[in-house]
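Take this structure first; my questions come after.
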């Protein structure tokens, strides 16, 4: 059997993952990714989740790994290579210190990064910021370089002095190096003026590069010191390289950095493709799953459990059947490999093995036909699959005689059901659809096809077998009707079943459209209900605040009156009755001035038992008792005392049928059925004015369904009315299209 990873295109997922790795370590881990143990896979899922929540910066681990491998091979590294490796180690240690406080799985991985203190100390002492070996790297190197610098200057001084004494012999006044020895440019024919050794000449022969005899010994000493310096520098670099190779913590550090890079790449893949974290369970449940390698994929949902272990998917070619079964297989492989999966939500079983018979895998070496190749893979499934296995079979029964293929395929499905395996199977054979329709443990499904546009929609429809749509497409393309009818008459029983399926699909689409319309209306009603509740809550809050303010004002005035009366009593005791009487008269006069004329007058016509309105509260109630300037009023279940002057008597015809606080959705209903459009619009205008005056938040207009003309005219008027906040159809159980619910502005 072809490797299931290849069949399900898992290497392409690994390549996408490797593209998001930052280091060679992470890229190698990504390209080598395979299914793990369940414990390790769940650990990788958690690491990915943590990396999504906490992005971090990785060091340049590639330079470190390369230096480490070369050093282990016995190579002497350059100072720059050693410096880059040390810098990567310092960055790794800084990352470790950053992640350790998180106290999660990321911090556990980071704990694998070593300390590397001894190696880093040697690097800091021996190398400068550019990777050059410092003078202080060893006493010997320090001594050599201490002698080199003045010696070099001594040679230069001598050469410049010599050129100044013989300017006529000098081509240009500069000192250069030939054969690693200092020399000066002398004109050809003037060499006798500067005794010395000829080291080189220019291409034209006009200039000779001569090492004057006066600096030969100095140059010899300089060359000796240079050789000694080079030997000491190489010794130091070799020692540092050996220290790197001997660092026992380095392999653990590289392993930790590689895993941190892989986990960060997994987080980037999840973020870029909209992947989600899978959960493991007993069944396969994919919600809004899609194939991550297909551009603009159509998401689908499916479930395989103990009752529906197999799904038989049928439908037209190029309808997305193969992509769908690959979607499930790829989701399982990705989850088992520690990756997030291509679905909005996913619960997956942990199969002991995934079997896949997908595509035309004809073996040229063994000279097997397509059908024989399928049988070979099916044979392995029948022999090796268990109740914990997942099978994915594409085009079961294809490649041979349809009648024999259907019989053999049904027997294979029965054997798989007997084993208890779970999986997806695609087919074109009608007998298999009929078998699945009445057999426990297997469910029919199809890929939807748009007959109007003659194109697949790639949407999975559970419970309904699919069709090839050959006759339907032919009719859509206007083939002669006589030919189509003759073709239909020639259809066997399975073909006539296709025609019945077409009718069933049309009915299903009609019901689905009605369902969507109903859901839309329900959503509108629910939004309206929420707005009404919010408005009522705001109104109740404002009313409560106004009542509290009124009560506080009354309480303060009563306290003030009581205090002044108490003061008068005290004065009566001490100053005599005349003074007290004078103060009482002054108090009465002050309150008389403060009270507007008629403020304490009781409106005429008020009497106990009468229906009244309290305009300040926008409420109505029954007057229970008059107490001078005050009145006791029953408003719904609440009794309240208010100023009598604030009450307005209601006429008999204004008395509502229900008194007091209204139910949570207080609604006035107007029956407009039987009226002309003009009469109905007058009634609506009157009802709106009355509802607004009574403080009603909503209004119900009963206009009936009929032709819809009355409903349309009323709604046009409502759209123009500034008193209207919004309106919508009533819920289906309250009249639906025959009733318009109007929400008034507050």
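For all residues, glycine too, the Cβ spot is worked out from N, Cα and C.
All TrEMBL annotations are machine predictions without curation.
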According to TrEMBL, which stretch among 183-214, 215-246, 247-278 corresponds to the feature coiled coil?
215-246
Under a criterion of Cβ-Cβ distance under 8 Å and sequence separation of at least 6, what residues of the same chain contact residue 321 (ATP binding site)?
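For residue 321 (ATP binding site), the qualifying residues are 313, 314, 315, 394, 426, 447.
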Most Cβ neighbours within 10 Å: which of the binding-site residues 317, 322 is it?
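Of the binding-site residues 317, 322, the highest Cβ count within 10 Å belongs to 322.
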Which chain neighbours of the ATP site, leaving out 315, 316, 317, 318, 319, 320, 321, 322, have a Cβ atom within 8 Å of the mean position of the site's Cβ atoms?
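Near the ATP site, beyond 315, 316, 317, 318, 319, 320, 321, 322, sit 426, 447, 456.
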Which residues does residue 320 (ATP binding site) neighbour through Cβ under 8 Å, counting only same-chain ones at least six apart?
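298, 447, 456, 458 - these are the non-local Cβ neighbours of residue 320 (ATP binding site), listed in sequence order.
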So if I draw a 10 Å sphere around the Cβ of residue 319 (ATP binding site), how many other Cβ atoms end up inside it?
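So the number of other Cβ atoms within 10 Å of residue 319 (ATP binding site) is 25.
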Can you break down the domain 'Smr' (670-745) into helix, strand and coil residue counts using DSSP?
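Summed by class, the stretch gives 35 helix, 19 strand, 22 coil.
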Specify the count of other C-beta atoms within 10 Å of the C-beta of residue 318 (ATP binding site).
12
When neighbour density is defined as the number of other C-beta atoms within 10 angstroms of a residue's C-beta, which of the binding-site residues 315, 316 has the lowest density?
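Output over binding-site residues 315, 316: least Cβ neighbours within 10 Å is 316.
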